[in-house]
Amino acid sequence: MLVNFLLVGFGAALGAMLRYGISVLVKSKWKTNFPSATFFINITGSFLLGFLVSSALGPVWQLFLGTGFMGGYTTFSTFKVESMELKWKTNYRVLFSYLGFTYVFGLIAAFLGMMLGV
């Protein structure tokens, strides 16, 4: 049981560090009102988690990569906070684009990942 917690925790730490690195890189390259870093992270995360869920990985790898790494990598809470910030700035065009693109492309990415993982 302790091993499972360690697998999830170590995976989450690695995923969070990768998310942070990508976020810093994207924000330094592209200055935009659209939250590009979080969008990229969540779409690639949807694809990768879809792939992992449908692949034949054993339970240890599912815990480490699926629950841990992907849980640390993707960021639902940042997505919601950035959405509220766009609302408060009354930047509704970007807000609704962000919401729509994230949900639509997230579903498409998860579907494609699941199809490739089979």
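Cβ atoms here come from the backbone N, Cα and C positions, even for glycine.
Among the features that Swiss-Prot reports, transmembrane segment is placed at 5-25 (among others).
Here Swiss-Prot flags 47-67 (among others) as transmembrane segment.
Annotated Na(+) binding site per Swiss-Prot: GLY71, THR74, in sequence order. The number of other CB atoms found within 10 A of the CB of GLY71 (Na(+) binding site), across every protein chain shown, is 18.
According to Swiss-Prot, the feature transmembrane segment maps to 98-118 (among others), an assignment based on sequence analysis.
Listed by sequence, the residues of this chain that lie at least six past the ends of the transmembrane segment (47-67) yet keep a Cβ under 8 A from its Cβ atoms are 4, 7-8, 10-11, 73-74, 109-118. Long-range Cβ proximity for THR74 (Na(+) binding site), meaning a same-chain Cβ under 8 A and a gap of 6 or more residues, is found for GLY15, ARG19, ILE41, ASN42, GLY45, SER46, LEU49.
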